[in-house]
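Before any comments, here is the structure.
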């Protein structure tokens, strides 16, 4: 068998999420359907670096699968893209050693979160950026970002529904970029808990609104309680940008 | 009665077109539904500068309607946007004289057509630009554009289905703009026949592919026959950019 790694991008708007579910269209389901067709009906399981939620996009999600087919990287890319729906694209494909695992070999991830700040809605961005027409103190937000850097217990910044025990994660990059009427949060770390990016962004927005101070982030981290942090921002502004190995 | 003019923008992806039809969601239908609600159930007809087809977008469509409500411009904008679906937005509203008519007062229109030229599909642009990964001779295309300028009978560049008799139109601006991996056609004229922009762009693409020479445009115009021109490019790359009064 050959193990194949693909970097893929998808528009999350019309998916109920990345992971196969009993009901609804999923990214995993669409790719497995195409692969199974290429393997004469034999089911092929794909493994992603992690799931993304309903409406969440990916510019650099990574998957792997095992196959007896003997295609070269670019042949895989072309064959998959010819059959995949228009909202999923394979960017690159390469052969990898069988010790590689899209999820367990991942060393880190980078997410981007897009805000659209114009006073009026933009119909073309309704699925691609969180419309946030309120004033924001950008300097306070930038100060708040620094408190997330380093290794912390992120219990306060993860969904209370999560039953993962080890909630210690390391954030090694967190930046705020202004591009015309967009404000982009760029965050990179060794791993992220369920809803972690969206709760972090929601909390930083409350700093930007003046409802919290930048240094409040320290207290929130120490509280280890989801109730201490801010709101969860919507999924449609979130992009899985890159997975690091 | 007061006559009100609105400049609106919409994402055409989820509409069967601008104009009300027996089946399917339309831009006109959605706006009339909101206005009728604001007028306590009394039906309010809106008039657009013209229709746009299925999948075609607008950044500056213009509509007008008559109302007994006494709201100021910005109040109309806010009230409509609060109730309109996310894929339609009112950009500005103003009171106009009752002699103004969105369609009959229009002096000209500007359309933009977007190509996306990367070799790979982009899932985020699937509804917003025509994916065209083939080589193009840009200089030949720019030469072809010049032959469209001025006043011509555009029968060859209009849908054979159209039963309009006067097919003479004047084009006063036609430019090609390269922006990263996008190629944008910008065309302005005193009026456009059914499918005219899409057939013109399709024909210029055939010049870019080397299948036709720039000066062939003259012959095509003289033929006054739809069969002489190139293919109609898809609607999802087209934007009604501005209506001139």
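Glycine residues also receive a Cβ, built from the backbone N, Cα and C atoms like all the rest.
TrEMBL does not curate its annotations; it predicts them automatically.
Features as listed in TrEMBL:
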DOMAIN    B:8-104  domain 'Pseudouridine synthase I TruA alpha/beta'
ACT_SITE  B:53  active site, nucleophile
BINDING   B:111  substrate binding site
DOMAIN    B:146-245  domain 'Pseudouridine synthase I TruA alpha/beta'
For residue B:111 (substrate binding site), the number of other Cβ atoms found within 10 Å of its own Cβ: 24
Listed in sequence order, residues with CB under 8 A of the residue listed as 'active site, nucleophile' and six or more positions away: B:12, B:17, B:18, B:195, B:235, B:238
Assigned conformation of the residue listed as 'substrate binding site' - DSSP reduced to three states: strand
DSSP three-state assignment for the residue listed as 'active site, nucleophile': coil
Model confidence over the domain 'Pseudouridine synthase I TruA alpha/beta' (B:8-104) (mean pLDDT, whole number): 97
